[in-house]
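**Student:** The structure's right below; bear with me while I get my questions together.
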Amino acid sequence: MCKSLRYCFSHCLYLAMTRLEEVNREVNMHSSVRYLGYLARFNLLVAICLGLYVRWEKTANSLILVIFILGLFVLGIASILYYYFSMEAASLSLSNLWFGFLLGLLCFLDNSSFKSDVKEETTKYLLLTSIVLRILCALVERLSGYVRHRPTLLTTVEFLELVGFAIASTTMLVERSLSVILLVMALAMLIIDLRMKSFLAIPNLIIFSVLLFFSSLETPQNPIAFACFFICLITDPFLDIYFSGLSVTERWKPFLYRGRICRRLSVVFTGMIELTFFTLSAFKLRDTHLWYFVIPGFSIFGIFWMICHIIFLLTLWGFHTKLNDCHKVYINHRADNNSLDRIMASKGMRHFCLISEQLVFFSLLATAILGAVSWQPTNGIFLSMFLIVLPLESMAHGLFHELGNCLGGTSVGYAIVIPTNFCSPDGQPTLLPPEHVQELNLRSTGMLNAIQRFFAYHMIETYGCDYSTSGLSFDTLHSKLKAFLELRTVDGPRHDTYVLYYSGHTHGSGEWALAGGDILRLDTLLEWWREKNGSFCSRLIIILDSENSTPWVKEVRKINDQYVAVQGAELAKTVDIEEADPPQLGDFTRDWVEYNCNSTNNICWTEKGRTVKAMYGVSKRWSDYTLHLPTGSDVAKHWMLHFPRITYPLVHLANWLCGLNLFWMCKACFRCLKRLKMSWFLPTVLDTGQGFKLVKS
């Protein structure tokens, strides 16, 4: 008896200690990453303090000493608010504002007379170290999965540091200060552009970086400090271009879900910025040195710019009008769990966005041409406004481009559930013992309900949900799948996406086990798909909740000629029954449907110790997939419906330029990069563009 009690006690103690060690390892890793961020912040604080001390020591300016002491006092107050009053938001806001302000002072105070001073050199190395630590911390956080991406345009930290930096620029002359304030606004626009993953965000980043150190931009006296400020702010949105798994509508949620008046005012604000840029461009007419080139060029391209931007503003206004109609439907049908993106698709927003993308491209082209004709390398305000307008128009282009690519795709789904848990020695399904029938029926019914919920939530047309306890014969499955794969929309074209769900017995190599000893291979299914799909560009997404889905996930990656994806699951072979229940078929379906149908879910696919792990694979051409594009007649009808008659001649120019495919080389490179990403760096979460996502653990 004593031995049994001692054994039980020692066993329980061992389990508790093992679990404690695992938790400690996870906590220690998270703490290490957090401390790395603290180290980068502390290193930056030391660099700022040392730099300001050097400037006070060499210039004997008492104002620097007052600001320095006041800064330390404010940071002390922030620490007291954080640790003693638990006012974390107020404390962090105060400290971030002062970090930006003090770093701005370090940038703008003249250091030309003591650049070779040892303390000044130490400050530079500390700033460079801060840059490295900041990049390393952000990268490790994302590789470890500790960052939870949320929809936002600018974070509070970014906004306050930008404001603090802009306030510090007021220590200079008015014209130089205005140039820097506009440059800070341009940096904010660039951060938003990167976070929204706009199509032209990376070129904008390159242009901004190249122009950043022009003397006409009033680049601060300390370029290392300014580079530290710029890189520390740009690191997170730049890395999130790859690491963020948010869908298009999730990324743009702060804008799309904004109030009607705010969105209308944003169009007015955009018009004011564009008009200011045009006015500053007109200052080039004062240059009499090249009047024979400037005056005709500005007259021609200025008129072209005006017409394009009238169309640009009317396009934005029309977009918000259609978005307001979608919001009315969304508010009236919120109880039905209809998301805004599905309502936008039903309202024809995709067609509008695809045409608007071409029109906004003209605005970008006109801005680039006018900027080149009116180039003023000695006017920092002009260059700063140019850097504001570019990402602003790039965001509009990116919004229309991404909404046009992700909205409006029609889809149809078919589910097959064969609840077979026990197999004969030759691998064929057999009838279950009576005591297991009720449990299996409940689990199978749960799978059917889950997949029907999935189809209904994402507005996927349901072809059928077949449930068979005795299995399906090859001929029966053949006829059903062929009928499913040849389905078309009411208007006649094929559906954009076909979703096939299967849960049942499979062989070790992934084939579906059918009644009568037959099997269904992936090659056979793809042969049927090619026969029905023909020259169309539809997609096939196969969802497997079976014990052997890995072979199909690997095999689909070798397909070259079709757009096919396989979402599978891997059940843990050995599980400690004292910590978790053994995984069963249906567990993956439950979690995956909950993940895709509940935006507030707490499911983490990369969590350690999961008994059901997700995996997916896509064909080589998956990233090349695009929906049907509008024709020239579609563009002409849209133009006559939304724009004044005076702009009609641009219809032919629009169709001609779009037919040229000016970005064919960029698109080819972009396509190669996307293929490389999907083959070598497969994302943890892949947005299908239909509202649901494929995931891997």
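Every residue, even glycine, has its Cβ placed from backbone N, Cα and C.
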**Student:** Of Asn111, Asn548, which one does Swiss-Prot label N-linked glycosylation site?
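**Tutor:** My reading of Swiss-Prot gives Asn111.
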**Student:** Based on DSSP, name the secondary structure state of Asn598 (N-linked glycosylation site): helix, strand or coil.
**Tutor:** coil
**Student:** If we count other C-beta atoms within 10 Å, could you say which of the glycosylation sites Asn533, Asn598 has the fewest?
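**Tutor:** Per-residue Cβ counts within 10 Å for the glycosylation sites Asn533, Asn598 bottom out at Asn598.
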**Student:** Sort out the residues at least 6 away from either end of the transmembrane segment (265-285), same chain, that have Cβ-Cβ distances under 8 Å to it, and list them.
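**Tutor:** Distal contacts: 255, 258, 294-295, 298, 302, 305-306, 309, 312-313, 316-317, 320, 367, 370-371, 373-376, 379, 381-382, 385-386, 388-389, 392.
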**Student:** How big is the gap, in Å, between the Cα of Asn533 (N-linked glycosylation site) and that of Asn598 (N-linked glycosylation site), rounded to a whole number?
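**Tutor:** Distance (Cα to Cα, whole Å): 32 Å.
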**Student:** Are there residues at least six beyond either end of the transmembrane segment (223-243) with Cβ under 8 Å to its Cβ atoms? List them, or say none.
**Tutor:** 44, 47, 51, 100, 103-104, 106-107, 124, 127-128, 130-131, 134-135, 138-139, 142, 147, 149, 155, 158, 161-162, 165, 187, 190-191, 194-195, 197, 201-202, 205, 212-213, 677, 681, 683
**Student:** Name the secondary structure element type, per DSSP in three states, that contains Asn533 (N-linked glycosylation site).
**Tutor:** helix
